[in-house]
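Enquirer: Below is the structure I would like to discuss, written out as structure tokens.
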Amino acid sequence: MNLNHFIPILTGLLHLSFGIYVFSLRPRQKLQTLFLLLNLCIALWLCIQGLRGLFPLEYRNLGLNITFLPMSVGTFISYLICKKMENVGQKIPVWILILGITGFSYFTWACFSERMVVLENPDTFTFNFSVNYHLIIYFSIFWVLLSGWIIFKKMLLKRGNDRVRLFFVLLGSIVGLPITLMFIYLLPFLGIYKAYLSSLGLSVCSVCWAVAILHYDAFEIKAGLIQGRKISFINRVASKPFLKLMRKLDPMRFVQKSSKAKEEITRQILIQDFHLAENTGEISVDERAKILSRRFGKYFK
């Protein structure tokens with residue numbers, strides 16, 4: 001198995017593993033299910049690219065054509081994630097569902113009837129473009145641009161934690177779309193067929209979207225880290241960058257949330273000091289200060 005087969009299979013399995021990991025985290029949200037489905041589509045798309053080279057020659061044109069099917073589903077799922085990021089219970093417009101189902105049905109027929117592209121070289125998988133190929137690219141771009149527009153509008157209206165979460169979704173789309181488009185659409189016009197390298201952009205997009213889905217409350221996560229509670233690896237890594245972005249994107253809300261968190265810490269210190277003074281009256285103020293410093297010092301690092 002050469003690199004052209006190995007790399008897409010490996011990256012596909014990594015995407016699948018990442019989707020399963022995010023899905024397994026508790027408490028589970030509906031968005032985590034959609035994220036798993038999105039990564040499943042990406043994994044299928046990449047793995048088919050790697051495995052089609054192992055197909056018998058007479059089936060390689062079919063293998064090439066069905067490669068594009070997960071693309072039409074994945075971009076629609078990305079739209080659903082963006083639409084439900086603000087409100088999971090929000091209903092999808094009927095015209096959107098009709099357009100999505102119609103497009104998916106048509107491209108399913110085009111892929112399995114081998115009308116998406118025409119294989120030119122079964123060894124290198126170079127192909128000739130068709131109208132259907134252009135259609136599925138524009139169909140996918142439509143969902144990504146619509147998703148980006150929805151997120152951008154919501155980001156202007158939202159405050160604090162929600163604004164930063166939406167920013168991560170938008171950042172993932174801005175990074176992922178150009179890189180993916182370059183490798184699956186622009187470079188093939190120049191005779192360069194390296195679609196699996198689009199996983200570079202898709203990986204960045206997946207990580208950004210995972211942070212947006214899982215980072216439900218930045219200050220609560222920070223408090224959990226300080227207290228030593230079990231926090232997911234993604235939230236542990238993203239905690240500081242997330243808070244820095246909140247300071248930049250919504251400084252007023254950051255100050256409000258930070259002040260509230262400090263007030264809660266101060267309240268806990270006063271309660272503990274009261275209990276120490278009441279239950280151990282002979283302990284001096286200096287001794288109580290040392291005990292409180294050991295217990296709460298980590299909050300002021």
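Placed from the backbone N, Cα and C atoms, the Cβ positions cover glycine too.
TrEMBL lists these features:
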TRANSMEM  6-23  transmembrane segment
DOMAIN    9-221  domain 'Histidine kinase N-terminal 7TM region'
TRANSMEM  35-55  transmembrane segment
TRANSMEM  61-82  transmembrane segment
TRANSMEM  94-112  transmembrane segment
TRANSMEM  132-152  transmembrane segment
TRANSMEM  164-187  transmembrane segment
TRANSMEM  193-216  transmembrane segment
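Walk me through the surroundings of each of these features.
Expert: Residues 32-33, 35-40, 42-47, 49-51, 196-197, 199, 202-203, 206, 210, 213-214, 234 of the same chain lie 6+ residues outside the transmembrane segment (6-23) yet bring a C-beta within less than 8 angstroms of a C-beta in it.
In the predicted model, the domain 'Histidine kinase N-terminal 7TM region' (9-221) shows an average pLDDT of 87.
When Cβ-Cβ distances below 8 Å are used as the criterion, the transmembrane segment (35-55) is approached by residues 4-9, 11-13, 15-16, 18-20, 22-23, 62-64, 66-67, 70-71, 73-74, 77-78, 81, 125, 195-196, 199, 202, 206, 209-210, 213 of the same chain, each at least six residues removed from its ends.
Listed as Cβ neighbours of the transmembrane segment (61-82) (distance under 8 Å, sequence separation of 6 or more from its ends, same chain) are residues 31, 34-35, 37-38, 41-42, 44-45, 48-49, 51-52, 55, 92, 96, 100, 103-104, 107-108, 110-112, 114-119, 122, 125, 127, 133, 136, 139-141, 143-144, 146-148, 150-151, 169, 173, 184, 195, 209, 213.
Within the chain, the transmembrane segment (164-187) has long-range Cβ neighbours (under 8 A, six or more residues past its boundaries) at 71, 78, 81-82, 85-86, 137, 141, 144, 147-148, 151-152, 154-155, 158, 193-198, 200-202, 204-209, 211-213, 215, 218, 242, 245-246, 249-250.
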